[in-house]
Amino acid sequence: MPKRKDIHKIMVIGSGPIIIGQAAEFDYSGTQACLALREEGYQVVLVNSNPATIMTDTTIADKVYIEPLTVDSISRIIRQEYPDAILPTLGGQVGLNMALALAKTGILDELNIELLGTKLKSIEQAEDREQFKNLCKELGEPVPPSKTVNTVEAAVEFGDEIGYPIIVRPAFTMGGTGGGICHNRKELAEIAKNGLELSPVTECLIEKSIAGYKEIEFEVMRDHDDNAMIVCCMENFDPVGIHTGDSIVFSPSQTLSDKEYQMLRDCSLKLIRALKIEGGCNVQLALDPNSFDYDVIEVNPRVSRSSALASKATGYPIAKMAAKIAVGMTLDEIKNPVTGTTYAEFEPALDYVVCKIPRWPFDKFQKADRTLGTQMKATGEVMAIGRTAEEAMQKAVRSLEIDEKDLYSEEAHRASDDKLEQKLVKAQDDRLFYLAEAFRRGYSLEDVHELTKINFYFLDIVKHMIEMEKELKENKDEVDILRLAKKYGFSDPTIANLWGETADEVRDFRKAHGIIPVYKMVDTCAAEFESQTPYFYSTYDAENESHRSGKKSVIVIGSGPIRIGQGVEFDYATVHCVKALQKMGYEAIVINSNPETVSTDFSVSDKLYFEPLTLEDVLNVCDLEEPEGVIVQFGGQTSINLAAGLEAHGVKILGTTVKDVNRAEDRKLFDDIIKELKLNQPQGLTATTHEGVIEAAEKLGYPVLVRPSYVLGGKAMEIVYNKKELEEYLQDHVDIAADHPILVDDYLDGRECDVDAISDGYDVLLPGIMEHIEHAGVHSGDSMAVYPPQTFTDEIKEKITEVTKKLALTLNCVGIMNIQFIVRDGEVYVIEVNPRASRTVPFLSKITGIEMAQVATRVIMGESLKEQGYGDGLASEPDMISVKAPVFSFSKLADVDSYLGPEMKSTGEVMGSDHTFAKALYKAFAGAKMQLPENGNVLLTIEDRDKDKILPIAKRFARIGYRIFATKGTADFLKKNDLHVDLVTKVHEDEQADDNILNELRNNKIDLVINTMGHDIEKNSDGFIIRQMAIQQNVPLLTALDTADALLTALENRSFATDALQ
């Protein structure tokens, strides 16, 4: 049926900030959906709280609201806009849950607003564990024995009845939040309690574990006329028991027989039809490897993480099709945009293999529990395409941007056989490298299968690569072996290590023998129909399908997988760089490895190469395309790190030169510039040995800030207060070498700020200065920030502007740069300069109206700021005040300390804007899920050195009606100052008492925890345990007093003070 004419205005609910379990894939799907609806002539109103995304650009929807995703906030917008319908199935679990919550308030019925796409009843039937189980039984589809419970007691009773192991699956959550595998009553009681608290409907499914089965996923589409089709079938490398978001995944499925495939396909289609889902949906199934028995795990009645992967794996734009189906169109009348000739009902066919590997944050969180299970822990993922499973997997491994560039891990190599076997049995993020090591040591396929339950086929792929490794080692400079190794995805540096040569020598040898990659097209139809997609992957095969167009081209290097410190903000900048190049008439070519993002949507750039971001892979594309040059400023540290290698091979780096980038990033060279310009900076020393670091710290005087050079996201950065802490830091973190010195800085406690600037070599434009709300010492990515600044005088802003201009011109910056300052006692100190786009670009672009990445790209390509209509210096400030607040994923990562310091820990951000600072703060806190009651109970656990600072904060809490709880030391101090305080006993004192601090938290007596015990970093220390308990109980937690001060400003604005007259 043709699209509906009875609706005109559609509201799309976005997915909010990036957290573990819900990352950039919803920026991609939401952007696609909004554009698809506008393409069909509908007016689109978008609500999302995340400023870092392309989705919240004003070009994506007719009206964009960056507001908190709360029922109150969205209800206000609905009453203002009066949409005819809401499309909730493209904003992840957040969008879906918000639609359900809005429906329950009655506002949708009251204003006669329809939910488009999958109907409410179907969503509830798929998401409510009990209803879904009953539906499967009616359809005759098998599900594991299970029971829906609302209490811990009911969970334990059922567990005892059916026996362990058991899986807990909370209702209406995503990323496996709150769930887990339980091997006994104690584990079940703990996990069920947590799951019930995190489920918005206080409900969990307790299910007999089927761990060890094959895990298969189908991405399915269905329209209003009951046409249904399979877009993609994916198979997990890891068996059931590890969350699919934490599993290595292959597409198409690798081990299913035709009978198994058809059986599971029929089941998926039967489910989507029975649920009457309209749009995209993800079906997860478990197949017994030894029979034809299978079980249905779950159905996601929405576009999901797997949909983004399936879209990129096949080229079939699922979210775009789902949006068109939602407005009444059918699969047989929507054109497939890839071929331009076939229709959307044709099932994609793949003549290649796709491999996805998750990207985990454990390089940041070394003390975290790395065990993988049913609760997702990865922050992002990479995808690679090859002609063989081996090639796809090797390309995916080197896309991860971790220490391991292939299947060799030094840590695995050094492990004893006992440790190796433990690592195989208990899956962690590095299991793949231990699998490879097992085969190097001669373990048989049977041995490894027995330990891991991973399918023999997948183990054989890993074993084959290790055999190939051995052949390479034994046949140095053998051309036929080299050709075969390249077909199986071996990189030049890996081969160089095996041959005892350099990567450049291998590259030259390979090219001399005509061993160069060709590029194949991703066309959805295995070349069955003519296709025009400019979407390519490399392989070592015969025919090349990518040809130079003859137009002037520029290559833009993306930012790779989403990880802490390098998030979706860099993808935003990449996409805007591409747009600017296209407007200037250049052919814009993107190289990236992340399937979740907008930049890897083939319709964004003129050509997309889905490749690892390594020197070899990028050079191969440069060899083919011969671009005017490469832009590296927008891909974070990933692309900056490639610049020197590319230039050494004759590739032109556009914008700031490699030499000048090095002058900004090399500490010694940068210090020379600061001295030459007579600028202030915290005193600092550089050391290349452990002894040198300790000597430097003692010379400067504690506290000091220590960090390695050349890092992003404050990795391995800490404030240390004495020699003992410094020695622990050196032991835990750091490999020091002459070319990787450690920087030791005097720690300045002042007000920090971020400046993004664009320079054309003559003029320097500062779109804005962002003032951090927390004092120096909290990483800029974890700080709340406000624009325009609230405490800086005009004189300070002028000083910041002058210093920025001096640095930009001295560093010969052409394009964009970011500078961090500390303001203290009216003086401005330079902390660091990043000669690239920073994570604040999307936020500042949206609130200033200056498209910073586009302006910078035009500058890079030779168009001056004046020619673009911009002046020199600080841009004028708007009337609106905007606050950026970080969002964390601590609830997904056991044992990660939530105390904030110089190493970045946040996974996403939200924005609040209003006409007053207090209201903007309130919206930012609400967006970050820190909505507090007007009066409640606050628990204060404070370091001795913060006692004086807590007094005014505690008094303000008391004035707005909060009860104050504290342990003895803090309580005595506050009582002496005339405050009423409820005493709680310490963590290890009288653990059974009701007033024990942990029991107060467990019993939901506390609404907010303020904990500044930063030295309590050991897992058994009071400060750490209190922070962990607050996270587990979902109680808002603050670890900086400046944040508490900001929160009070927001709360005071909502509350009425009650003061006596006398």
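Numbers here mean position along the shown chain, with the first residue as 1.
Any Cβ shown, glycine's included, is placed from N, Cα and C.
Among the features that Swiss-Prot reports, Mg(2+) 1 binding site is placed at Gln284, Glu298. Under a cutoff of 8 A between CB atoms, and with a sequence separation of 6+ in the same chain, the neighbours of Glu298 (Mg(2+) 1 binding site) are Ala126, Phe132, Arg169, Gln284.
Around Glu832 (Mn(2+) 3 binding site), the C-beta neighbours below 8 angstroms that are at least 6 residues distant in the chain are Phe670, Ile819, Gln820. Residues annotated as Mn(2+) 3 binding site in Swiss-Prot, with sequence analysis given as evidence: Gln820, Glu832.
Residues annotated as domain 'ATP-grasp 2' in Swiss-Prot: 671-861. The average pLDDT for the domain 'ATP-grasp 2' (671-861) in the predicted structure is 90.
Taken from Swiss-Prot, the feature region 'Carboxyphosphate synthetic domain' covers 1-401, and the record attributes it to sequence analysis.
According to Swiss-Prot, the feature region 'Oligomerization domain' maps to 402-546, an assignment based on sequence analysis. Helix, strand and coil residue tallies for the region 'Oligomerization domain' (402-546), in that order: 78 helix, 11 strand, 56 coil [DSSP].
Annotation source Swiss-Prot lists region 'Carbamoyl phosphate synthetic domain' at 547-929.
Annotated region 'Allosteric domain' per Swiss-Prot: 930-1062, in sequence order, evidence recorded as sequence analysis.
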> Reported in the order helix, strand, coil, what are the DSSP residue counts of the region 'Allosteric domain' (930-1062)?
Replying inline: 56 helix, 19 strand, 58 coil
> How many neighbouring Cβ atoms, not counting its own, are there within 10 Å of the Cβ of Gln820 (Mn(2+) 3 binding site)?
Replying inline: 19
> What is the number of other Cβ atoms found within 10 Å of the Cβ of Gln284 (Mg(2+) 1 binding site)?
Replying inline: 21
